[in-house]
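What TrEMBL lists as domain 'Gcp-like' is 31-323. The Fe cation binding site feature in TrEMBL is assigned to H119, H123, D316. As annotated by TrEMBL, substrate binding site applies to L141, V142, S143, G144, G145, D174, G187, E191, N288.
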Amino acid sequence: MNKKSVFLGIESSCDETAAAIVARDADGRGEILADVVLSQLEEHAAFGGVVPEIAARAHVEAMDRLIAEALERSGLSLCELDGVAATIGPGLIGGLIVGAMSGKAMAYAANKPFYGVNHLEGHALTARLTNGVKFPFLMLLVSGGHTQIVLVKGVGQYERWGTTIDDALGEAFDKTAKLLGLGYPGGPQVEAAAKTGDPKRIALPRPMKGEARLDFSFSGLKTAVRQAAQNLAPLSEQDVADLCAAFQLAVAETLQDRVGRSLARFKAEGLSAEDRPALVVAGGVAANSAIRAVLTSLCDGQGFAFVAPPFRLCTDNAVMIAWAGLERAAAGFPANGFDMPVRSRWPLDAKAAALIGSGRKGAKA
Ligand code: KG4
Ligand code: ZN
């Protein structure tokens, strides 16, 4: 691609319906022309988590309107676009079908190329749009559906170094909040409660510490919080704050260990010629300031640039999907056929072994 190119992006893999128009120039600089996101948080709040059928129906209701709104805000018509990209996996199958079908229909009607995008690739490449990050870099993805450390070598070239063998980190925050009687989503509530808590009063485990691998496990930590809460019951406000602080400290120290060793491995393998290669964070949990503080000081200590795209683009959105489509097109990947199926499971690194219990029943990414 040797000129400016503009894509429509569509995202509907979990509980956000989103459409965006993004441009990429020949030098790889991006520009967001429209970014529309509709969260279904309220529809799912009463259930304490995402209900797939409710999500799929909400995507159907909102999708056409959101695409029209994105086009209108960009000031462009469908014919002026150069391509359409939609998330086709991983995620909840009903939502994926809605987004993929909408994207294919738009592309077919306007006779434009269609790119089926891996949602995780969208997260992985966002920092190139927002911060111009160069390959290779390390990504820590910590969301409601995933907890992964990924070496991003190039468009379509990913090596998964670590993943969770049970719960995703955001899921662990949400479950911890639920068992302590806090609302959904739990991450922000746990963080707020932890501010007035004593992280040292209650001892919690550091799962998988000391193992050579770079994987995570969070379900034991959540069980330890449950047991500590049962021992203290009935819980005072201070007990809840102390439990949240202890949980957050355990999480922060776990990330410090796994990410710290990943940075060391990146350096030891001589992967980059950059003075300060980047550690990029993505996913809703990246909003947590205790976690950010730990990662920032790790990066400072080990000579990495800590890159956190704006929060709006760390969580689910369609800008990253349009951008991933543009990056794929620019890298010479052919467009996908309209027969390309959606995939509820779709690892970024096809060679990485599936770990027992990893990924998710729900598949929030
Ligand atoms: O990336 P995201 O918005 O959605 C997907 O998972 O796709 O991530 C949502 C997750 C939820 O589990 C939420 O509890 C968590 O991110 N989260 C946080 C914080 N803000 C959101 N976790 C810890 N601390 C926060 N401040
Ligand atoms: Zn996501």
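Glycine residues also receive a Cβ, built from the backbone N, Cα and C atoms like all the rest.
Nobody curates TrEMBL annotations by hand; they come from automatic prediction.
As the structure is a computational prediction, the values presented were derived from the model and not from experiment.
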Looking only at Cβ atoms, how many others are within 10 Å of the one on L141 (substrate binding site)?
26
Of H123, L141, N288, which binding-site residues come close to ligand 1, meaning Cβ under 6 Å from one of its atoms?
N288
Quick check for the class: what is the C-alpha distance, in angstrom and rounded, between H119 (Fe cation binding site) and G145 (substrate binding site)?
11
Let me check the 10 A CB neighbour count of N288 (substrate binding site). How many other CB atoms are there?
25
Mean pLDDT over the domain 'Gcp-like' (31-323): what is the value?
95
Which binding-site residues from the set L141, S143, G187, N288, D316 come near ligand 2, judged by a Cβ under 6 Å from any of its atoms?
S143, D316
Can you tell me how far the Cα of G145 (substrate binding site) sits from the Cα of D316 (Fe cation binding site), in Å?
11
Express the distance between the Cα positions of H123 (Fe cation binding site) and N288 (substrate binding site) as a whole number of Å.
17
How big is the Cα-to-Cα gap, in Å, between N288 (substrate binding site) and D316 (Fe cation binding site)?
16
Restricting to the same chain and to sequence separations of six or more, state which residues have a Cβ under 8 Å from that of G187 (substrate binding site).
G170, F173, D174, A177, G284, V285, A287, N288
